[in-house]
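These features come from TrEMBL:
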BINDING   Asp43, Leu44, Thr45, Arg70, Gln86, Asp90, Arg239, Tyr243, Tyr244  L-histidine binding site
DOMAIN    63-329  domain 'Aminoacyl-transfer RNA synthetases class-II family profile'
Amino acid sequence: GALVLCQPPPSPQEMLTGKYGEEAKLIYELQDQGGELLALRYDLTVPFARYLAMNKITNMKRYHIAKVYRRDNPAMTRGRYREFYQCDFDIAGQFDPMIPDAECLKIVHEILSDLQLGDFLIKVNDRRILNGVFAVCGIPESKFITTCSTVDKLDKLPWEEVKNQMVGEKGLSPEAADRIGEYVQLHGGLDLIEQLLQDPKLSQNKLAKEGLGDMKLLFEYLTLFGITGKISFDLSLARGLDYYTGVIFEAVLLQQENNHVEEPVSIGSVAGGGRYDGLVGMFDPKGRKVPCVGVSIGIERIFSILEQRVKASGEKVRTTETQVLVATPQKHLLAARLKLISELWDAGIKAEMLYKKDPKLLKQLQYCEDTGIPLAAIVGEQELTDGVIKLRDVTTREEVRI
């Protein structure tokens, strides 16, 4: 369909491509009237990094709720659109390891708990551990990024299929793929981190050792935050984007399909994020780096789940916050309604009226019931004479004169 330009200026295209790796094909590109190549923003992270660099900001903590655009295949039922809202939370600045990272995970945990979306799991991994695994499995560095995006498909496909892709499409040897398989199918907690720190091959790799050390620290902080019950250190988590440099995480909602299944089934990712220490430097003419960690919540995903839940329960959702409907019982009283509603609006009271000169009282009260407006302020000939209004409680039908 036609695409309306979003309010924030689109970014020059080369600022966006090259930051997303394989996912760059989902960027909306367009040429403006002057022939300049532009693109609609794909996420809120890259624009944030650009903002920090252009304004020479070295530390900042902020949240941002706004629209992003992806040339993806929409799947409405799963809350997957081409234009959708994200809510991002980021901490930028030079701090001691894993303290801000732990706070990001605490925020995701808090949001998903408070929204009562049901059971969820936050998977955590680290790009350095993943790259270390690839290195000790004999993958050439030039293939790290493509191997990463293949591993990322493990939440959708069984290992056998992922392995076939590695060998068939990415050109890895079957032996190397099998060696990767031994690692990427592992998941656990502190015990697994300890086990891998003792692993004869991995402990020899500088990157992996660094990543595992930080992961251990992270889990100690998460234990203090009291949230490790919902967190899993998962070596198959890779996240498709190129700009992550350290810890990465993704939150999935779980659905108990039936009682005799031991592992709950995921219904998709609702939040994701990680550390991207190199991104700000890419936008800085002098290459100055600002370490950053952040998380992005998929609002539409969550809404579609909440909506399905409400539908299933059969309860009605109020779509309006209106507190009172200004109503009239006879004809020729539009003026009275307009004067009264104006007074209510000026007093900061949320009021509505029907846009008809002479609506029937029953119709007006019916509107209150349909939309869940709790009160009707009724003003008729008699009320005008007496200088009062009749306030009616729509559900109990009690009336008082004021």
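Each residue's number is its place along the chain shown, starting with 1.
Using the three backbone atoms N, Cα and C, a Cβ is placed for every residue, glycine included.
Source: prediction; values computed, not measured.
Of all the binding-site residues listed (Thr45, Gln86), Thr45 sits in the most crowded Cβ setting, with the most other Cβ atoms within 10 Å. Across the annotated binding residues for L-histidine (Asp43, Leu44, Thr45, Arg70, Gln86, Asp90, Arg239, Tyr243, Tyr244), the two most widely spaced Cα atoms sit 21 Å apart. Taken as a whole, the domain 'Aminoacyl-transfer RNA synthetases class-II family profile' (63-329) shows an average pLDDT of 91 in this prediction. Among the listed binding-site residues, namely Asp43, Arg239, the Cβ with the most fellow Cβ atoms inside 10 Å is that of Arg239. In the structure as shown, the Cβ atom of Tyr244 (L-histidine binding site) sits within 10 Å of 28 other Cβ atoms.
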